[in-house]
Structures are given as structure tokens and as C-alpha cells.
Amino acid sequence: MLLSQNVSAIGPLNLYPMVHISLVFGISYVAPVLSDEHCTLKMRFRNFQSVLSWELKNHSIVPTHYTLWYTIMSKREDMKVVKDCINVTRSFCDLTDVWVNTTDMYIPQVVGFRENAKLVICMGSFFLVPDKPLDPPEFEIVGFTNHISVNVKFQFDSPGILSEELQFYLAFIEEHAGNSVKRHQPQITGNITKNFNYVIDKLIPNTNYCISVYFEPKDPRKINRSPLKCTLFRPRRESESSESATIGGIITLFLITAVFISTVMILKRIGYICLRNDFPKVLNFYKLSVWVFAELPPLEKVATVEVIHVNRKKKVWNYNYDDENDIENEAAPHLISGGYTKHGLTGKLCPTSTTSPSLEDCSLEDCSEPSAEEPYLPEPKGDAETPMAPGPGLWQSEGTSGGYQTRGTLWQDPTSEEDSDSTEGSEGRIVFNVNLNSVCVRALEDDKDSEVTLMSPSCPEETVELEDLNETESSVLVASEEGTQLPFTNPSTECPRPQDAPSDKSDTSDPDVDMGDGYIVRQVNLKKFN
């Protein structure tokens with residue numbers, strides 16, 4: 001609730017704290033009418049302008065136009081017409097520039113006409129200093145966070161009059177807040193011609209303040225206050241917003257710091273950062289472009305690995321052809337399923353392929369070229385015909401007893417050519433599986449020059465020539481209990497298997513033939529191991 005209070009005393013000692021501000025220029029004053037009672041004359045100041053107005057008491061008389069005359073009582077002069085108020089239709093006249101002396105008494109005369117006839121004459125007298133009330137000036141208020149600014153606007157049409165009159169008036173600003181009223185008195189001089197600002201501080205937060213501005217005349221009854229203008233003072237709203245913004249900034253900064261520290265710890269734990277120098281190169285991310293643009297992995301390096309086969313020397317028994325030594329040293333054959341007997345044969349073998357580089361290491365005493373030395377022998381006839389084995393035999397061997405010898409040929413794998421390249425004194429160890437059902441044994445003649453033709457199931461055209469006992473003694477195959485597997489030749493060098501070879505002869509032929517000297521001559525067909 002806004003309250004207003006009139007100021008009865010004039011002076012700086014009569015300032016009382018008030019919350020409402022009121023600045024009043026004065027109250028309108030109606031001058032007494034000295035003429036007849038046909039009119040009522042009024043003198044007012046509107047925005048520091050002296051305006052004389054009149055009103056007819058008899059409303060039945062309606063003049064069409066008016067003319068204003070005036071004179072000064074102290075000068076005893078005739079009536080003067082006001083140039084701006086001749087034959088005017090309005091009921092007021094501006095005398096700001098005409099009545100300039102505030103110490104003289106002016107006597108105005110208003111004449112009303114209807115066409116050329118006078119209808120009414122009104123007269124009066126006015127003393128400007130006591131009788132001229134001042135209207136309140138225009139003002140604006142602006143609320144800030146810690147104060148309120150009051151901007152008072154003076155509109156002076158006649159600065160000369162104000163310079164003489166305002167020095168007799170005091171300007172007040174009343175401040176209303178609730179039931180309390182506080183009056184402020186700004187310092188105003190008589191030569192004020194411009195606007196001025198007044199600051200009201202030390203305000204209570206969240207309080208509604210209303211301001212009024214007025215001029216206080218000598219007569220307290222003539223105070224004319226301006227309408228109130230109010231504003232709500234809320235300084236804490238901005239402070240609360242600033243505090244909330246500060247708290248929000250602190251929380252945001254804390255969250256960003258926590259996320260950053262957590263990310264760094266996670267990256268360090270999984271090994272993407274803070275890597276040790278001795279880690280593999282695949283874990284070192286020195287180039288950021290590698291992370292963004294993935295590059296193709298480098299090609300794998302191919303290194304040549306040399307595989308060296310070590311041929312260990314096996315113990316070779318001193319084999320002789322005596323009956324006793326042969327019986328003692330002869331290894332008992334190992335029987336396996338399928339009707340096969342496993343014999344351990346020890347000796348130096350040479351491949352039959354002419355393209356194998358291991359032929360260079362074989363001496364002429366131990367092996368001979370089948371294509372160069374062995375003549376083609378015709379197939380035996382009658383009972384001495386050698387049957388062909390049904391299995392895929394890759395070996396050819398010849399068994400001897402007493403004064404006869406057996407020479408075998410071996411197909412080697414080209415990958416083992418380097419291993420077979422050894423000196424003449426090195427010997428290997430070979431293990432064969434022999435199918436006794438496919439072995440053809442025949443009796444050899446006593447003549448040393450006789451020949452035995454051995455037919456291999458895989459190569460029926462290949463023949464073996466008997467050689468002298470003295471020249472082939474070193475290549476005799478000795479039976480042994482242990483053996484090693486020989487490398488095999490390339491399948492491209494093997495002879496094709498004949499499909500039309502009869503298999504019934506091997507079943508009817510006698511596998512063992514007694515030579516009469518205690519030895520049994522066998523024709524052995526060796527099989528390739530996979």
C-alpha cells in the first residue's frame with residue numbers, strides 16, 4: 001500500500017526518512033475574480049508555462065471568440081492586448097512570455113464576442129509569486145541491482161522566470177515502501193535548465209518502491225504531487241543467478257576433471273599410454289596418423305631354413321659266409337599280419353635313376369649303372385619263370401648264397417639327394433617289408449658265369465646281372481634286427497605297374513630253394529613305405 005505525505009515545513013532540517021519519493025511543483029490555484037460574476041479566471045503552470053484560463057458561469061451565453069487584455073497595477077498603464085490571444089476560440093491563453101515579472105500584480109480582462117457584439121467581460125488580478133502553483137515535472141525511474149536512479153526532466157519555455165522563482169521552491173522526492181515514507185531533497189539551484197539524476201541507494205531487497213516528484217510551494221496546501229511510479233527491487237535474483245552459475249561452473253569443471261582422470265587411468269591400465277620402452281613395436285603408437293588412417297601390415301619376411309640330415313653310422317656286423325657265423329648272426333625274421341616278414345638289411349644302395357645326383361658318390365665297385373652295364377636278359381621260361389608280384393614294388397633285389405651275391409637298387413626321393421651325398425665309406429641302414437608270397441626263388445647253376453633274370457612287378461623290363469663274388473662281397477645285404485627308413489624317389493621316375501601280370505604263379509611257386517650248401521636263395525621284392 002502506497003502512502004503519501006504532505007510537507008508542511010520548508011527547509012533542510014525538516015527532511016525525514018521516507019520510503020516513498022514525491023516531487024511536487026505545486027497545486028493549481030484559482031485566482032479570485034474581481035470583475036463580475038459572469039466568468040471564473042484561473043492561473044496555472046503546466047510544464048513551467050503560465051497559462052490563464054476562464055470559464056463562463058452562465059452556460060446560456062456562448063461567445064464565438066475571445067480577446068485577452070491585461071495591465072500592471074503598479075505602473076498605472078492602459079490595457080494592453082495580448083497578440084497571441086486576439087479573437088481566439090479557445091478558453092485559455094499562454095502568458096509565459098508576457099507575464100515575466102514575478103513581483104508585480106497583473107490585471108487581466110477577457111472579452112467574449114458573438115460576431116461583433118460583446119457578450120461578456122471578465123476581469124481579475126494575479127500576483128505570480130504566491131499565486132502561481134507549479135505542476136510536477138516528468139521523471140523516470142530505473143532499477144539496478146543495488147540502487148534506483150530517478151531522472152527528472154525540466155521543460156523550460158521561459159528560463160528567466162524559473163531563475164527567479166525556483167529559488168523560492170524546494171524540490172522533494174518521496175520514497176514509499178510499505179508503510180514507511182522517506183523524503184529526499186536534491187540540491188536544486190535557481191538556474192536549473194537541464195535534466196538531472198538522483199540516485200536512491202541502501203534499499204531493502206525484494207521490496208516494491210514507489211517514487212513521486214514535486215515542487216513544494218510556500219503554501220503547503222498548494223502542493224501538487226506527481227503520480228507514483230513503482231518498481232520491484234530484486235538484487236538477489238541476479239546474485240542468485242550468479243551464484244548458481246558459479247556453482248554450475250564448479251560442478252562442470254569437477255565432472256570434466258573426473259572424466260579426464262578416469263580416461264587417462266583406463267588408457268594407462270589397458271596399455272595405450274605410458275608404454276615402456278622395451279615393449280614390442282606393435283604397441284608403440286608414436287604416429288597419430290596410424291590411429292586415424294590404418295596402414296596395411298608389412299609383408300612377412302621369408303627366411304631360408306637349411307635342414308641338415310645327419311647320417312649316423314650304424315654298427316655293421318662282420319658278415320662271412322661260414323655256416324656257423326651265418327647261423328649265429330642271422331637275424332630272426334619278424335612276422336607281421338598279412339603274411340609279411342620283416343628283414344633288416346644293411347648295405348650300401350645306389351638308386352637306379354640316372355638323373356639322381358647320388359650316383360656320383362657311388363663307386364664302380366659297389367654299384368653300377370643299370371642302363372650302361374646291365375644287358376637286357378630275356379625272360380626265363382618254364383619252371384624258372386619268375387612270377388610278378390601284385391603289389392606296387394619299387395625295389396629290385398637279388399639273393400645269393402655261397403658263391404653268389406645279391407644286388408639291390410633303391411629309388412630315392414630328390415629331397416634326400418643332399419643326404420645321400422656322402423663318401424664311399426659311409427653306410428646307411430634300411431628296413432624293408434617283404435611279402436613272401438610275392439618272392440620268386442629259383443635254383444641257380446653252379447657256373448659263376450650264369451645269369452639270373454629277376455623281374456620286378458613295377459618294372460618288368462629291368463634285369464639284374466650276376467657279378468663276380470669277389471667284386472660284390474662288399475655290397476652284400478646283411479640281416480639286422482633294426483633298420484631305418486630310406487627316402488623314396490619322385491613318383492615321376494617310377495616305372496608303371498603292369499596290370500596284366502599273372503598273380504597265380506606266385507602262389508604255386510616254391511618260395512625257398514635249397515642250394516645244397518645250407519643256404520636258401522630268395523628273390524626279394526621290396527615295397528615302398530609311405
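Glycine residues also receive a Cβ, built from the backbone N, Cα and C atoms like all the rest.
Copied over from Swiss-Prot, here are the features:
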| type | residues | note |
| --- | --- | --- |
| TOPO_DOM | 27-246 | topological domain 'Extracellular' |
| DISULFID | Cys39-Cys122 | disulfide bond |
| DISULFID | Cys85-Cys93 | disulfide bond |
| DISULFID | Cys210-Cys230 | disulfide bond |
| TOPO_DOM | 268-530 | topological domain 'Cytoplasmic' |
| REGION | 356-428 | region 'Disordered' |
| REGION | 358-367 | region '2 X 5 AA tandem repeats of S-L-E-D-C' |
| REGION | 462-518 | region 'Disordered' |
Would you mind ranking the disulfide-bonded residues Cys39, Cys85, Cys122, Cys210, Cys230 by how many other Cβ atoms sit within 10 Å of each Cβ and giving me the lowest?
Cys230
Taking the Cα atoms as reference points, how far is Cys93 (disulfide bond) from Cys230 (disulfide bond) in Å?
35
Protein Cβ atoms within 10 Å of Cys93 (disulfide bond), excluding its own:
22
Using DSSP with the three-state reduction, classify Cys85 (disulfide bond) as helix, strand or coil.
helix
State the Cα to Cα distance, in Å, between Cys39 (disulfide bond) and Cys210 (disulfide bond), rounded to an integer.
40
If you measure Cys122 (disulfide bond) to Cys230 (disulfide bond) at Cα, how many Å is it?
44
Measure from the CA atom of Cys85 (disulfide bond) to the CA atom of Cys210 (disulfide bond) and give the result in Å, rounded to a whole number.
41
What whole-number Å value do you get for the CA-CA distance of Cys230 (disulfide bond) and Cys85 (disulfide bond)?
41
By the DSSP assignment reduced to helix, strand and coil, which category contains Cys39 (disulfide bond)?
strand
